[in-house]
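Worksheet: the structure to be examined is printed underneath.
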Amino acid sequence: MGSNSSNMNHIPDGQQLLQDTGFSAAQIIRLYERFEFLDKDNTGHLRPEDLETVPDLDMNPIGARIIGAFFPPGKETLDFGSFVRILAHFLPADSNRTRAGAQQEPANSTTGKLRFAFQLYDQDRDGKISRDELLQVLRSMLGLQVTEEQLQCIAERAIQEADADKDDAISFDEFRKSLEKVDIDHKMSIRFLR
Amino acid sequence: MAAVWTFSLLLSPCLLWPSCLALTPPAELPQPHNLPPLLGINSSDGSLSVDLPRALRVFSMDYHHVQAPFEIVLWIMLASLAKLGFHWSGRVPAVVPESCLLIMVGLLVGGVIYGVRHSAPPTLSADAFFLFLLPPIVLDAGYFLPGRLFFENLGTILWYAVLGTLWNVLGIGLSLYGVCLLAQSSLGDVSLLHCLLFGSLIAAVDPVAVLSVFQEMHVNEQLHILVFGESLLNDAVTVVLYKLFESFLRLPSVSGLDVLLGGCRVVVVGLGGLFVGLFFGLVAALTSRFTSRAQVIAPLFVFLYSYLSYLTSEMLHLSGIMAIVTCAVTMKQYVEANVSERSNTSIQYFLKMWSSVSETLIFIFLGVSTIQDVHMWSWPFVCSTLLLCLIWRATGVLLLTAVVNKLRRNAVTFRDQFIIAYGGLRGAICFSLVFLIDDFPKKRLFITTTIVVILFTVFVQGMTIKPLVELLDVKRKKRALPTVSEEIHSRLIDHLLAGIEDVVGYWGQHYWKDKFEQFNRKYLRRFLIREDHQARSSILRVYQELERREQGGDVEAPQPLVDPRSHSRPLLPEEMDSIRRILSRNLQNFNNKQTPAYSRHTLHQDATMDRTRKPLHRHHSLGERYTYNTITHWPQGEAGEFNGSRRVRAGLSRSHIGKVMDNSRHRNIQETPIRQKMDVSLRFQLQT
């Protein structure tokens, strides 16, 4: 690892990223190559259009939301550091190599991963998944094959099952509870190639 | 329906006249005439004629002249009428799979022929099967293969096909040898190599039989492609192993070197077939580029080149099945782009027609060929074969799945594993292969056993798989089922991960897929697709893009038809059931496209084709209100789930589009008339 960090000199924030996220130096270099490939006009920043050119993302039912997750509200550009930090959510939890100084929970813990998924639903960032937000997601995943009434039924059922405090919305804790039987770490991890 | 059946039975006496013994190619010469032909008038032995003065014969019949084609047509007619009768018979298809019924018809016909003629009815010759009946089926399978799903699951498919088949072959072969050793008295002369040979042909899971049973079952896309892909690829493995063991049998002795060479041969055969198919596929694509002036014969090239690839690889002793499937997969996208709409439809219809007829003929002949003189029965051999087939397949699937689930994100569930294992039906390939064995004392035993295994799997397994799966579903419900929220959230996470993998790009298969797409776009498409059609395809892509945005951006749903508060009551069990059914069927469809499972019998309009055609109609009427004709958009199978609310909801107007564009905050495109939007999209589409 030590010999590789010399190659990282041209990567902005390279050393900082090594410390903050759990990526190895080789992985960061490959991610940088990918970043440069996506950044067609070489500005050092990604815009939403650059991510939209990724093939197959347009066939993904929640493709637009995924792109939105990379660009928090208000920001229209994405630099390499933010790119890597977002992708760090998908590291397997056992490769957690954050050094001393990581105050908050690492991004790739189960809670971090679940929070990322939660934010895909919760577009208005109010901390709850409202019925409408759930319906929107359902519609994009199922919408062309199922009628509107059936969608309403399904959304209704999902909220009934999860909503413990009867506020007709799903909070983060309720979300986490409904997924307690699922092995999140296995399901939400990508094996990044070295 | 009764009329159809009686008609079919009436046909069978027609088969009494000929004394043919095998189904031969039409090139057979008619029987030699004993009398020299009279001037201009055909006459031969066995011709009926009215006894008139010798100069003129008003009425005469000359059967031998048309014998061969007449019989072939009669068989095909019988097969097609049986198929028609089957589809008209109402409730029966739900319980009995079509393959069973066809075999029963064949048994009936065979019995009638035997009863009348007191000799064996015509059997299916292996040559006719491999050269004429099998290629259309495999070509059809390859042409309609869902490419993306297949390549995404290719690793798992190869795992099951290659390793699974090897496991089955060796397992069954060795265990049977053990059985033969135990029953020394009756089975003593069956050697190890014979057992291995038998194992290799009986382990072949038949795509024809499997697919015909799957029609009636609800399988999600992933399971479908696994079983389908496995049955296609394991044909290649099986035939190779069979030929290998056969050639070993002919050698005086088998050394270690021979085994090693055999292994190399397997690889060569598989890859060789692949390359032959690739070559012919590319040549076919290139030829289709120039067919604009003679559009009527364009479909012919597709069939000719595919068949040629099959025959060439058979000639070189390579895998014909791999060749024809590769050829079809390769040429499909280029041919579809090059050739006119009508020719595309013709190609698809002909493929469906031929493969349907082939399949029906195969099953009927299986039935007919069962009635023979050549049976030799042995209780231990037959029973142990049946048992061993089931056991080895089940253990193979369980073991392989345990390993492969660690590497897949979407695990193959126990229900899927049961379907894969129990749905391993044997069919006509085993049957033909067993006839090809060089003669040895126990050959008749092998033939009988093969027939018994085929009949058992098709009838017993084919008929019981659906009830058993339903029983399994019921049992599963008694334990803790995933809640609706869990299913929805899990699916969302799956889509999320797929998207992130796409973004990251270099994870495994995406790397190769990207590379291939670049290569395809830069070189292959330019070379193989007609000039003017290249531009058309990119404009169509833009229309599709706009279309998709409109659909995806339909965020402003109309007011829900019922006030949601009124729904806060516990749902009835049958509503829960229907919800679960909807979720399980639709959440597993990866592409969210309405592509129904591959069907042998009907030609579902490909949703992408519809999607390309519709925008061309719609965007002609700029500034006008138009309605989405949703009923014709999606295939008939799902039409029942649509109702009026969909049409109301989907009726987009021009003004709506402007609003929709506003909602998506990630797009910098301001509300512009549609032409400007198109320009922007065109620009960045053509740049990539």
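Numbering starts at 1 and runs along the chain as displayed.
Quick reminder: no glycine exception, Cβ is built from N, Cα and C everywhere.
Just so you know, TrEMBL annotations are computer predictions that nobody has curated.
Checking the ranges B:72-96, B:297-321, B:347-371 against TrEMBL, the transmembrane segment annotation falls on B:347-371. Of the ranges B:98-116, B:128-145, B:225-245, B:377-405, B:417-437, the one with the most Cβ pairs under 8 Å to the transmembrane segment (B:347-371) is B:98-116.
In summary, the transmembrane segment (B:128-145) does not lie against the transmembrane segment (B:265-287): fewer than three C-beta pairs, each 6 or more positions apart in sequence, are under 8 Å.
Here the transmembrane segment (B:157-179) does not lie next to the transmembrane segment (B:265-287) in space: the count of CB pairs under 8 Å, restricted to residues six or more apart, is fewer than 3.
Beyond the transmembrane segment (B:417-437), the same-chain residues lying 6 or more positions past its ends with a Cβ under 8 Å from any Cβ of the stretch are 99, 123-126, 129-130, 133-134, 160, 197-198, 201-202, 204-206, 208-210, 213-214, 217, 219, 223, 226-227, 230, 235, 238-239, 242, 246, 362-363, 365-366, 369, 389, 393-394, 396-398, 401, 443, 446-447, 450-451, 453-454, 457-458, 461-462, 465, 468-469, 472. The domain 'Sodium/hydrogen exchanger regulatory region' (B:567-624) scores a mean pLDDT of 51 in the predicted structure.
Here the transmembrane segment (B:191-213) has long-range neighbours at 97-99, 137-138, 141, 165, 168-174, 176-177, 180, 227-228, 230-232, 234-235, 238-239, 241-242, 244-246, 248-249, 254, 359, 362, 385, 389, 392, 423-430, 433-434, 437, 440, 442, 446, 449-450, 453, 457-458, 462, 465, 598, 600, meaning same-chain residues at least 6 beyond its ends whose C-beta is under 8 angstroms from one of its own. Between the transmembrane segment (B:449-469) and the stretches B:98-116, B:225-245, B:377-405, the greatest number of Cβ pairs separated by less than 8 Å involves B:377-405.
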